[in-house]
Protein chains: 2
Amino acid sequence: MEVGTSKSPSNPAGTVDHGDPDPFQWDTREDCQVRQILDRVADKWSLLVIALLDGRCWRFTELRREIDGISQRMLTVTLRQLERDGLVKRTVHPVVPPRVDYELTPLGRTLHTTIRSLVMWTEDHQGEIAAAREAYDAAREAEMAEREAEAAARKPEAAAREAEAPTRESEAARRAR
Amino acid sequence: MEVGTSKSPSNPAGTVDHGDPDPFQWDTREDCQVRQILDRVADKWSLLVIALLDGRCWRFTELRREIDGISQRMLTVTLRQLERDGLVKRTVHPVVPPRVDYELTPLGRTLHTTIRSLVMWTEDHQGEIAAAREAYDAAREAEMAEREAEAAARKPEAAAREAEAPTRESEAARRAR
DNA sequence: CTGTATCCTTCTCGATACTG
DNA sequence: CAGTATCGAGAAGGATACAG
């Protein structure tokens, strides 16, 4: 598998040649390891499970209760994937009411740290994001209103004329469909 | 889509209070800010775009080329979301071949750092994960094989006996205890 | 309690075609 | 070049029922 996407050094019109000083050039191909693992790790439920799991053991039902909105199915599936990836250890106690404990592996604990920092980022900046969203939406709405005003100022004459005396052109256009 | 949900600090019905010594108790409810932002930020394409974007400006097509497998639609959608969240700045140059530049905002840059550490974690541990997966799959296969062997060893006699004298089986079972 | 199996809805996403 | 709009296939995921 060569890095087939030969990024031709020739730049398309107008882009500056910055010589790509980025040393952070990871494998961007769709089927590469990093992309696959990232998909798993960045999965909604995986993220929450890893973030929740700390030092101690958790029972299945306990996790289910703690993660609001997760279905039994998705918790099972997610835990299995995490177990397969070596991030979570599953321990079955062969007792009469079945009991299963889940806990982070050492590898999982290293990921836990990273993911927690992502969660903390989210907590720290949720205000800014909410504000940005409001600003964006407000701007869009203002834009829409302006456009409508423009249209309302222009169309009425045309629409009125059209209503009274449909032009031959417009009729022809309608028939064309 | 107002997020108007007033989040009362009280827990929703039924959650146990197990003393929770975890100081990292964030709002786990499905509709809370953190969960929503986490979903956005942990999104496959958002992650890749943020990870790719560094100091400089990027053109639309440039991003499209760099992110293998992304469709035009998803790139547009993703960039719009990131713009709305105040993570990416979009600059339209009103020139004859339309030109649009994308770059991280200061807020986006802080997230970039966090996400890069996630990507780096993935790069650092992809070997371990691959190994864990192999081990898991091998174990599962061995388990399957064993089960099949068991079944093959048990069923023929049982089935044969059962076919000759169906009533015997229950008696034998009872005696076995 | 901790799953597994099945069905069925929902929603994501890619392909395609068209616009400024 | 940089979108927007539309549509359909397919996957993700929830609900439910049942098993060990």
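Please read every residue number as a count from 1 along the shown chain.
Each Cβ is built from the backbone N, Cα and C atoms, and glycine gets one as well.
What you are looking at is a predicted structure, and each value in this text was computed from that prediction instead of being measured.
Check TrEMBL against the ranges A:104-140, A:141-177 and you find region 'Disordered' recorded for A:141-177. When pLDDT values are averaged over the domain 'HTH hxlR-type' (A:32-130), the model yields 95. Note: the domain 'HTH hxlR-type' (A:32-130) comprises 63 helix, 14 strand, 22 coil (DSSP; helix = H, G, I, strand = E, B).
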